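Listed in TrEMBL for this protein:
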| type | residues | note |
| --- | --- | --- |
| DOMAIN | 21-403 | domain 'Major facilitator superfamily (MFS) profile' |
| TRANSMEM | 16-36 | transmembrane segment |
| TRANSMEM | 56-75 | transmembrane segment |
| TRANSMEM | 87-106 | transmembrane segment |
| TRANSMEM | 112-133 | transmembrane segment |
| TRANSMEM | 145-167 | transmembrane segment |
| TRANSMEM | 173-194 | transmembrane segment |
| TRANSMEM | 227-248 | transmembrane segment |
| TRANSMEM | 260-278 | transmembrane segment |
| TRANSMEM | 290-307 | transmembrane segment |
| TRANSMEM | 376-398 | transmembrane segment |
Amino acid sequence: MKKNMQQWLVRPQSKLGPVGLVVLLVTASLVTPLSLDMYTPAVPHMTEHFNATAGAVNLTLVGYFLFFAVGLLVFGPLSDRYGRRPVLLAGVVVYTSASGLCALALNIEMLIAFRIVQALGAGAASAVSTAVVKDAFKAEKREAILSVVQVMFVVGPVLSPVLGALILQVFDWRMTFCALGAVGVFCCALAVLFDETLPQEERYRGTVLGSVGQLGTVARNKGFSSFLAIVGLYNLPFMAYIAVGSYVYISFFGLSELEYSAFFAVAALLTAAGPFIWFKASKHVSARRFTGILLVVALLSGVAMLAVGELSPVLFCVTFLVFALTEACVRPYSTNILLSQQEGDTGAASSLINFTHTAIGSAGMLLAVLPWPSYVFGIGALIVASMAAAGVGWAALLKSGVPLKGIKGGSFERPRAQASAGSEPQRSAR
């Protein structure tokens with residue numbers, strides 16, 4: 001088995017091997033979902049402990065979100081210049097140290113500051129982990145690895161509050177950050193064993209500012225940007241559910257915290273089946289057709305939630321689960337398609353992919369708390385609106401002359417020699 005998996009690698013891992021590399025990538029991908037949602041059940045305890053307002057404690061979440069996005073945009077391109085290993089190592093060390101400091105915070109201001117530092121480290125880890133998949137694995141195996149890595153971004157936010165609630169049954173809020181620190185220590189140990197996957201000859205050779213400027217080069221790729229905007233819309237209602245799901249189950253349906261945790265856990269476990277559904281379906285249907293099918297199914301799940309979601313927690317959970325499965329299906333293969341749109345600048349592309357999902361998800365969290373007739377109605381309406389917009393965008397992209405490798409004819413990949421010849425004078429000028 002191990003010998004077969006060794007053949008999946010383009011860049012051998014002498015210490016980690018393929019299995020160890022996958023574990024590292026999965027752990028690095030889990031860092032942010034855990035950091036965002038594991039401590040949310042402890043927010044009331046933290047408000048009381050620090051004698052702070054709810055708004056001040058909420059800054060620990062908002063600050064994390066904003067600076068995680070900054071970390072994504074900065075460290076992905078930097079990994080194209082300096083290599084994946086140093087950026088990943090720096091990111092996980094910063095994240096782990098900040099997690100420990102969060103547990104030791106003496107006041108709310110210190111906690112907010114440490115959360116910001118924690119977010120920057122997590123941004124580096126998340127951006128690099130997606131880029132490493134393209135660097136290290138053969139094209140025909142990349143989608144399978146991405147399915148494992150990317151599904152963590154879907155399962156993690158659903159499972160994290162459950163883990164946080166379980167920790168609070170025995171310990172206080174500080175232990176949630178100790179748990180995050182333990183995840184960071186494990187990730188650090190794996191990162192130390194990680195062999196570089198981006199050779200010197202394939203790295204960006206311009207200035208630091210120039211490497212960050214490669215974000216614009218990737219964003220100008222119309223196929224990349226259009227498809228990213230379409231699949232990114234899945235994250236809007238998904239994160240809306242994460243933001244207000246506890247209120248729906250506990251306040252609207254009157255469930256206990258334990259029952260609410262059970263519903264979240266079931267949704268997380270079943271959502272993990274998404275990539276396997278795609279693997280089965282991909283033998284019979286193209287990515288182009290499957291994308292259209294998923295958009296229709298997701299839209300209908302929103303309609304069903306509006307129609308029957310308020311009748312019982314089971315119906316609400318089932319209608320949302322259908323939507324969540326569509327996102328879990330689309331995320332791995334769409335990420336593979338997006339990474340395939342250009343030959344170089346993988347770190348920049350990885351940053352933009354994760355940043356867009358984060359930005360759209362944060363918009364969903366803000367929209368979720370609007371004065372809807374009920375939060376169930378709000379989530380259903382956001383599913384319908386987002387999927388309708390995505391469907392219109394998808395139809396327009398297919399009818400346009402914009403090529404999208406893996407979906408419709410054409411490629412944006414530039415020959416190495418041509419790219420170097422065209423851009424070398426500019427690099428020298430810098």
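Using N, Cα and C of the backbone, Cβ positions are placed for all residues, glycine too.
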Per Cβ pairs under 8 Å, the stretch of 56-75, 112-133, 227-248, 290-307 packing most closely against the transmembrane segment (16-36) | 112-133
Spell out yes or no: are there three or more C-beta pairs under 8 angstroms between the transmembrane segment (112-133) and the transmembrane segment (260-278), with each pair 6 or more apart in sequence?
-> no
What stretch of 56-75, 173-194, 260-278, 290-307, 376-398 shows the most Cβ pairs under 8 Å to the transmembrane segment (145-167)?
-> 260-278
Within the predicted model, mean pLDDT of the domain 'Major facilitator superfamily (MFS) profile' (21-403) | 89
Same-chain residues near the transmembrane segment (173-194), Cβ under 8 Å, at least 6 residues beyond its ends | 13, 15-16, 20-21, 23-24, 27-28, 30-31, 34-35, 38-39, 42, 45-46, 49, 84-85, 88-89, 92-93, 95-96, 99-100, 102-104, 118, 125, 163-164, 167
What same-chain residues lie close to the transmembrane segment (56-75): Cβ under 8 Å, and 6 or more beyond its ends?
-> 32, 35-36, 39-40, 43, 46-47, 50, 87, 91, 108, 111-112, 115-116, 118-124, 126-128, 212, 215, 347, 351-352, 354-355, 358-359, 362
By Cβ distance under 8 Å, which residues at least 6 away from the ends of the transmembrane segment (290-307) in the same chain are close to it?
-> 234, 237, 278, 281-282, 316, 319-320, 322-323, 326-327, 329-330, 333-334, 376-377, 379-384, 387-388, 390-391, 394, 407
Cβ under 8 Å to the transmembrane segment (376-398), counting only same-chain residues 6 or more beyond its ends: which ones?
-> 223, 226-227, 229-231, 233-234, 236-237, 240-241, 244, 248, 252, 288, 291-292, 295-296, 298-299, 301-303, 305-306, 309-310, 316, 319-320, 323, 364, 367-368, 370, 404, 407-408
